[in-house]
Amino acid sequence: MRKILGTALLAAAVAMPVADALAQAAPRNTLVVMREIDAESYDPHRSTARGAGEVVYMMSDTLVSLDWDMRTVRPGLAERWEVSPDGKTYTFHLRRDVTFCDGRPMTADDVVYSIQRWVDPATRSPVRWRAGPIKEIRARDAHTVEYELTEPFGELLYQLTLFFASVIDKNTVERLGQNFGVQGFNGTGPYCWASWTPRQELVLTRHPTYSWGPPIYQNPRPQVERVIWRVIPEANTRLAAIQTGQADVTQYIPEIAVNQLRAVPTVRMSQQPNYFWDHFMGFKVDKPVVNDPAVRRAINLAVNRNAIVQATWFGQAQPADAYLNPNVTGFDPEAGRMVPQYNPDEARRVLDAAGWTPGADGIRVKNGERASFLVYGLQTAVARRYLEAIQADLRRVGIDMRVQLWDATVGWGRLATQEFDAFVMSYPYISATDGFALYFDSRNRPTPNRMNWNDPETDALLQRAKTALSEADRLAAIQAAQRRIASNYVWLPIAREGLWVAAAQRVEGARAHGIYGVGLYKGLDIRLTR
Amino acid sequence: MSATAGEIAIPKRPGVLALILRDPAAAVAAAFALAIVLAAVFAPWLAPTDPFDNDLAKAMQPPGSEGLPLGADTQGRDMITRLLFGLRVTLLMGVAAVAAGGSVGALLGFAAAFYKKIDGFIMRLMDVLLSFPAILFGLAIAAIFGPGLFSVVLALSIATVPLMARIVRGAALVVMQQDYIEAARAQGMSDARLIRRHLAPNCLSPIFVFATLRFGQVILLGSALSFLGLGAQPPTAELGAMASEGRNFLFFAPHIAVIPSLVIFAVVLAFNVLGDALRDALDPRLRV
């Protein structure tokens, strides 16, 4: 009944007039991409937003690229590279045919300038640590870059696929100053900056000489004249627009509509099975109540992830039965098995054994302290839904979870404080070491290590995982780190999001990628049939 | 009653309640308002289920499903239960905001009317407060104290203060010109006693009328703030938050947003009609 109603209403939506911005069919030879929110800037060294990344990937290139399997590093601006035996020096050999959008040839100096700008403290990039412990980066000749580290960093190539490592034009940066990425952009990507109307649309035009796309694409050249990134905040409007052909592509599809859209003949859907964007709850391990490992274990046991994921993501996400996606590089299956699975009776037994006895109101008490804790999160519909479900599951075993959701404008600041006991978050990662080094390194307290996890053994394992020279050593270290964390129940893994890209009938070749949560990546292979 | 020589026959003045009930629309509004207040007060006894107990297997069941006459929300909770408890929170939010903001506003209004020296200062302050929309207050307060009912009530109270202050000052200025005030002053009555005995009682009508009308507006504003995510936090049921939760599923489970929205509409309409009727009933010029 609900399906019939949903389909009928979805069909009605097609007939509904949508926003003025979409009043006409998408223009010929112009790809209209819809998204939910804009970014505050398109400077790859200053913004960490996915909204910035999805456009920056089209406007610029990185030294190396990431394959669809999310594991294999492929050539990018560098056609090949070597790593010194001590793992400290990477030598990148650049392509010789690369030009910026203004026609100027790209050289090793541009790569050196871009990486140095990224890691320069004056740039204040919040993710400059991703560039590794750089000792020096230098141009050996016009087409060779030497990237020297103070110690080995096995993650480097993965990190250099991220849009923060984009190569940009020094002249344009100096000309625009703080307005680089706001008033203009000059990169080597398949599409070039044309105009930006904040919170409405960003227009790109084809880079006419571009032919150096990553080898993961069938055609290394862009095949669309213009790309318009249009902001359509309302999900129902995006749904209507994609079905009526008023817009061409979007990855921002409400999960509840995915199955219906798959049944719509005018829409093509592409899914990325190797999508690493997870939701979790982290516990501040030094705060009352959640400092008790028994409570953290009981919480893991009490939460019915399957039911929550089904009700929240409507089958378009996977219950996170481990700290990481099993498809990610460095995943440890044994650590995965250490995460307690749903068993509310066992949760009650664990709490009983730990001395938490039910109080008059059903909430457990131990030494006069109620089993009550406060969770912070950012205000999203998804977070609200799964938190309410977790809240209800925990009440059933006698734990009171209080929820405080914040608007993103103030939420990040609040999440850097010590005023809460647990928090929920979602994040993208490209490897096990990437995710774990970010959250569990004691040097990253109080944020992003908001759990205040301060464990020398974990730190040592993470350091080994980052610096080991052999793949086997790296794997052994990061897998041991996963077991260390899982056995202490530092998180409640919740869900692994799915990635779908919906494309209108006239669009071919729109394949979901998912690097840093970005659906279209370089946007190559996309062509319009009319 | 028959008039005797030398007596003037004065018809008995009908009471305020009788005057309100004469108007069919107002009578219906009054009955509805009473019903929702009773429903809110007795929600724990009327609600068929626990408002916080979810059953995800029943999530978004449409109205008319087994055991769910109005369907279930995204957590599989009975909509009737959530509406009853949501009504409770929404009404309480309205009462608290009107009582707190109205009291402060009335005190400031009396002070401005009575003490000419501070009149200008108070009223300019009220003008400043009036220049900020309530939604902006809500956003600012939520940023400081965090989203929640306290923030919403505080924002709505602050937004109510200047409106009440203006109305009370206006009414008080009229009363201040009456002869009995002069007489009381001549008797040497203290300021506090004068305000308490003569000024305040004679300004009660506009205060009640405004409070009733403002109650409806406050519920609407509070629901809007909750809709924006600044109000009730999970798992508290609140009508605006319920509508907000359902807006993502308008095509698939419209009842989750539509039903609480209709209830907000009906409650606001009822209190607006009641406020209008109360104003008519308390207006001496319309009393016959």
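Positions of Cβ are set from backbone N, Cα and C atoms, glycine also.
A TrEMBL annotation is a machine prediction, not a hand-curated record.
According to TrEMBL, the protein carries these features:
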- B:25-47: transmembrane segment (TRANSMEM)
- B:87-275: domain 'ABC transmembrane type-1' (DOMAIN)
- B:91-115: transmembrane segment (TRANSMEM)
- B:127-146: transmembrane segment (TRANSMEM)
- B:152-175: transmembrane segment (TRANSMEM)
- B:203-229: transmembrane segment (TRANSMEM)
- B:249-275: transmembrane segment (TRANSMEM)
Can you find at least 3 Cβ pairs under 8 Å between the transmembrane segment (B:25-47) and the transmembrane segment (B:152-175), where each pair is 6 or more residues apart in sequence? no
Looking only at residues six or more beyond either end of the transmembrane segment (B:152-175), which have a C-beta under 8 A from one in the stretch? 93-94, 96-98, 100-102, 104-106, 108-110, 112-114, 119, 122-123, 125-127, 129-130, 132-134, 137-138, 140-142, 145, 181, 198-199, 202-203, 205-207, 210-211, 214, 218, 221-222, 225-226, 230-232
Under an 8 Å Cβ to Cβ limit, what residues of the same chain, 6 or more beyond the ends of the transmembrane segment (B:91-115), are close to it? 36-37, 40, 122-123, 126, 149, 152-153, 156-173, 176, 191, 195, 199-200, 203, 207, 210-211, 214-215, 218-219, 222, 231, 238, 267
Surrounding residues of the transmembrane segment (B:127-146) on its own chain - C-beta under 8 Å, 6+ positions past either end: 152, 154-156, 158-159, 161-163, 221, 224-225, 228, 230
